[in-house]
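What TrEMBL says about this protein:
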- 12-28: transmembrane segment (TRANSMEM)
- 49-68: transmembrane segment (TRANSMEM)
- 88-107: transmembrane segment (TRANSMEM)
- 114-137: transmembrane segment (TRANSMEM)
- 143-165: transmembrane segment (TRANSMEM)
- 254-272: transmembrane segment (TRANSMEM)
Amino acid sequence: MLYSLSSPREIPIMPIVLSMVVLLTFVMNEIYLAKDPIIPISLMKSRGLLLTCLSTVGYMMARWSVLFYTPTYAIAVRQWSPATAGSILIPTNAGFAAGGLLVGWLHVRRQGSFYVPCLVVYSLFPITMILLAFLSTQHSNPVLYVLIVLAGGAVTGGALNYTLAHLLHLTPKSTHYIATSLVATFRGFAGSFGSAIGGGMFTRKLYTSLHTHFEAEGLHHKERLIRRLLGSPALVGQLTGIDKQVAIHGYEDALRMLFLAGAGLAVLMVFVQAGTGWKGPKEESVLEVEREALVQNRSSNTRSARED
């Protein structure tokens, strides 16, 4: 799937279809065939856990687009040195840490539902992404840009603490160790998914934008330069004249598209997170689900033994 979605030109469909088949096969095997499933059946059927994992992946994918491409903006559009461009991540990571610490210190001091706080912080993050999309230009205020990056990091740090606390409310205590591990695993997926899918989108848009702008200027033999620009944002600073202006506009267009796409994904994840609900599980019903699954497994084993 990542191979397809990170393609710089066209997206192959077959790997995506095969990935969906493999995922569906794994889930069906865990629910109906596995004698000792890796993930407890009560969690496999938990709407709160599944939607929390899904919203976490989407939310952090948008977050990773900021981590990967704000330095690209600083290098290509601002012509900052690579070291200076990398330092733009210091505010967002500081905000990430501060947001998580403040939420845990000031608010997450009890057990129970954090449904509304989750939705509030999830709703704030797309706003920062939209602001970044329109501030990723050559003449925007760099101080304001850094402040928005800081705010985005703080909101994300708070969101992760809220969703974890809310997940513990939604799942049975006996499954907390698996539920938290699953959420951490899906957060890890987001880095690969965000960089691969976001990188593919960015590269495709950058290629299209550069090609269009060069054609509009009557420059029809710039394929070699376009290929070099796709792999080296620092090359923009070495260009002059119309080539440099076209390269800057191309990067601005690609960054705007990427951040707006991230904002759209983050908005969608607000609705996914809203679907997790706010009611905790009934321990008795969870035990019944596990007992029913055990009976089904035993009956299927007995049937298989008789057939043999």
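The backbone N, Cα and C atoms fix where each Cβ goes, and this holds for glycine too.
Sequence-distant contacts of the transmembrane segment (49-68), counting only residues of its own chain at least 6 positions beyond either end whose CB sits under 8 Å from a CB of the stretch, comprise 43, 89, 92, 122, 125-126, 129, 132, 149, 152, 156, 159-160, 163, 166-167, 170-171, 179, 182-183, 186-187, 189-191, 193-195, 197-199, 258-259, 261-263, 265-266, 268-269, 272-273, 275-276. With respect to Cβ pairs under 8 Å, the transmembrane segment (88-107) is most closely packed against 143-165, considering the stretches 114-137, 143-165, 254-272. Listed by sequence, the residues of this chain that lie at least six past the ends of the transmembrane segment (114-137) yet keep a Cβ under 8 A from its Cβ atoms are 55, 59, 62-63, 66, 70, 73, 77, 103, 107-108, 144-145, 148-149, 151-152, 155-156, 158-159, 162-163, 165-166, 169, 252, 255-256, 259-260, 262-264, 266-267, 269-270, 273-274, 276-278.
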